[in-house]
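Shown next, in structure tokens, is the structure this report addresses.
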Amino acid sequence: MFQRFKSAIDRTIAEEQARQQTATQSRSPSRTGSTSSRKGDGTPGQRVKSRKQASDAGDAPNPDPAVFEAAFVIDDSDEPSRAATPLPPNAADEKKSDNTNGQGNMPEDKTPEGQGANDEGSADKAQDGATDAPATKPQAPKLQEMSPEIRQKLRKLEKLEATYPELLRSYRVAHRRATAIEPFEKALRENTPLTSISDPEALVEYLNQVNLRSDMVMQELKKVSTDKDELQKKYNEAEEKAKKLEEELVAVRSASTDQPKTSDSETSKDAQDGKNGATSPEDPEKSKSPVSSVMGMFSPKHKPQKSLGEVAETKESNEEFFSYDDEIPQLQADVASKSEEIEKLKSEVEDLQKELTTARETSTGLVESLENATRELSKTRDVASVKDSLQAQLDDRNKEITSLNQRLEEVQKQLKQLEEDKNAHTAKVDELEVSLASSDKRTSELDAELAKASNAKNISKKLIDDLNNQIETLKNEKSDSQTKITDLTKKLESKPAPAMLTPAATPMPTVLQPAATSATAASGGGKKKNNKKKKGKGGVGGAVAPSQAPTAGDPVETPEPVITTDTAGNAELKAEIVKLKEEVAEKDTQIDRLSKRRKTEEDLREEIESLQENILMIGQDHVEAKDKIKELEAEKLELKTQITDLEKKISSSTSDAEASSKMQSEMESIKTEYSDLKEKTSTLQADLGAAQQLAQNRFKDLTELREVLQKAQPELKSLRQESATLKATKEELANKTKELRDMEKREKDLKRDVERAQKISSDRETEIKSLQEKLTVETNAKLRLEDAQRVSGRDLRRSEAEKVEISGRADKAEQELQSVQEELSKLRPKVKELEEQMHKLKREKAASQEEADFKTQQYSNAQGLLSSMRDQTAEMSVQLKESKSQAESLEEELAEVQRLLQERTREGETMRRLLADVDERADNKVRDMRARMEAAVEERDRIEDESATLARRKTRETEDLKQKLKDLEREVKTLTHERDELEQREKEWRKRREELESVEEKAEAETDELRTTASQLRTALDASEKQVRDVEKQRAELRRMLEESRQRYEKLSKDLKAAQTKLVASSSRSSFDSVRSGSNGSPAGAPDTVYLKTILLQFLEQKDTKLRAQLVPVLGKLLRFDKTDEQKWQKAVQHIEVK
């Protein structure tokens, strides 16, 4: 359309230019008279004005209008030749002056853009002739000499002078538009899917899509910016917390540097106090009752310096009656048992290290953040080595260090979360940009995401298997701990029941056995590691320290206060027993809760599998969520490595500090406290009664604990069975997912079949309409051909046969329509069934979501159990080191005992004989019972007094029981600590799960948005494809109708020719017959016109382009179109549709 408009404008402009050109060329002789007047009137102001006008008009991209006018020069017969009009010399001079001085008095729309002198001259001539027309009036004689034709043309030129600038301006505007359209269309083709400016609706749709994309991008950017601001706030808060922790660490360091000085002064004071206690027999501590001394042992305010000194005194006093060979076998047995436990723990640690090797590879980024913590731990370890003598201060420092480590771990976790969230949001922004840039490559990206989803599924399966393995290892460790507890209880049961105390007959000095010292040393070492856990622990930990015995001459002073203090001690012990029972009950409830959670593990796995399938089927754009899941898994592995490294470092530091402190304190205190041990033996004999009662109560508590553990074992077995059943259910879930995929494929096939059936039905309906139209056309043709059929019966039979065929086709079409409708009615219940299956799958998805949540909780519980077992391994290693240090101290004490025995043999022959008998009896009993250290004391006491030997035996047995009870109490407290840690970690994992749920909700919202956009695009594509298919079907139907109409036309033409030949042959008939035939033939033309009118009216009134296109072949039949004519009509119909 635009090209036609342009060509029309160009045509009119060319005609006008040709007229003006002829007029200017005819008026070229009159220029002589006008030059003089123009020469005088061309002022400089006017020249400047003409130049400005020329510069304004020269902005158009056209060539010079002079060139334009020269292009449209037309050779006219009325034009005078240039040779016949010679210029006079004045005119020639004026022409030269005009060319040299510039152009004056030019029209507004004339531009001197041409650089050639000849072109400018010709343009000046033409324009001067046009502008100086009024100046020719005074030259009347020259005008009279002109011919009337020239005058007429001049008058016409004067009329055209007003219209010429407007035409030139309109031409320039049109030319600008025509030249601007080409680069605009080129830019459209390069940057948009459009090809020309003839389709504004497509351009509007494209711009709307671009605006939608920009809006989506802006929304995502707003979300990301808000998330970024929140993360920045969290990061700043975490930095502030880290700074506060650093300041606290600096304060701790400064305090640790001040403490060694105070420790030296305190050790000197303690040594002086020990000497004074040895010299002054009337010390107030020595006058205390035996029960009060026992309660002092068990008190949490017990000082380590006193306990070590008293242990050394008991060792030296006991060494007077023991031999070195008697103690070695029992120590070897203890060392062998400890070594076996160490090997078991090492094997467990190796298994754990194998599981965490992969996690350590990913923890390289955390090394820098942990270096500060390790340096601080090393410094605190150095400080602990300096402060061996002050165990109480070291315990406080260990508490501070552990609290600081926990704070550091929390800060590091927060920092990791912030960094991971920041990375996730940056990844979101990048992925959004990539998705906007690569919208055309959506299909390839979707395939890649499917592969990623399958990889994520495999990773999740591996994580589940790892969790199961960890749970099994934890169960094995728990069973090992249970076996240990049962062994300890068996040992306690195998010990003989404590007998009643017999009064001491002889005033012989009695001493405590080395086992007591070892027990106290073990308790002191254990307190260093678990001081934070054992503040509420009573009675057994420091059994020897606070009680300072009276002199050897006063073994028993006041029996009545003993009874009162004994009852008070029993009450406190009962309170401790009640506390232990409550803790055991809490553990039982916790085990029940964990078992209930474990029972729903099968449902959780089903939910996880269904979620993964939903991610594969629907969430093809879940790349962000998968990256976040991977980051969380990496974070878990990093946290595991951090926990293991910190535990190892803490255990190594505490164990080294404890070992060194014990060795040094024992070596220094043995020499100074030997004399004090002799005096304390008498008070220890009185304390035996209270210790026996305490041992009985603790034995009962141990039996109750053993029953509780036996009850917990069947629950563990049930958990193992549930894990086995979970594997079977996992396989069943896989089969179900396959069946689901098959069902979805069937659903898609059924939908395709329904669409095909609908298309077939629509095609059949169009065929029926076309057949009906054909029936109407054929009925009209039948009316027209009735007269011809009267002449020829064959034509009538043929038409009837065609009518029967057409009716048969219509019946067939109706039958096919009915069959298609029946197929649709059959397919609808199938579609309903598939929709019900989809609802069921959605419900299963919700159930699987709940199962996944519960699975995360179980995973957090398993992590807590793992960490608690690691703590147990660290404590067992510490206990092993303590046992080694005890063995060394016992060896030294045995050497001291031998030396003392040799000195005592020199005192008298009677004592030598008694000691020889004691040694012989001791050798005999060592061969019989190597594991008992009481044999040597029994032989010595049989010589002195049978009552003394019984007392010493009981003291040994009580000390062993005390140590075992201490170990059991440690284990109970470790279990309570593990419970607290489990609760804390459960809270943390709940928080983490909530964060994950929020992230998943965001990801699901984003996927829903992407899904809606994808569905909209798909629906648009389906609609466009349907339109294309409909158009193609219509074209095929039209072609088929054309072919059928041609065939019918050929048949009819043949019949008409046959009828005409018959009419020519029957020319011998009468005029009446001819008149009748003419009258009968004349109405045949009348229906043709009426039918043509009705079809044209239908064609013009029809708004549907499809039906209008179907009427084209009917018109072609009536008007006898060719193929080219039909194509032209089809194009015209389509052009009307575009408009």
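Just so you know, glycine gets a Cβ as well, placed from its N, Cα and C.
Residues or ranges marked as region 'Disordered' by Swiss-Prot: 1-148, 225-327, 356-388, 475-569, 648-674, 720-767, 786-828, 935-961, 977-1012. Residues or ranges marked as compositional bias 'Basic and acidic residues' in Swiss-Prot: 7-18, 225-247, 261-273, 373-385, 475-494, 728-767, 786-815, 935-945, 977-1011. According to Swiss-Prot, the feature coiled coil maps to 142-170, 215-259, 323-495, 566-1067. What Swiss-Prot lists as compositional bias 'Low complexity' is 496-522, 651-661 (among others). Taken from Swiss-Prot, the feature compositional bias 'Basic residues' covers 526-537. Feature annotation from Swiss-Prot assigns domain 'GRIP' to 1082-1132.
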Could you count the residues of the region 'Disordered' (977-1012) that DSSP puts in helix, in strand and in coil?
36 helix, 0 strand, 0 coil
With helix taken as DSSP H, G or I, strand as E or B and everything else coil, how many residues of the domain 'GRIP' (1082-1132) land in each class?
45 helix, 0 strand, 6 coil
Quick one: DSSP breakdown of the compositional bias 'Basic and acidic residues' (728-767) into helix, strand and coil?
40 helix, 0 strand, 0 coil
By DSSP assignment, list the helix, strand and coil residue numbers for the compositional bias 'Basic and acidic residues' (225-247), in that order.
23 helix, 0 strand, 0 coil
Express the predicted model's confidence over the coiled coil (323-495) as a mean pLDDT, rounded to an integer.
68
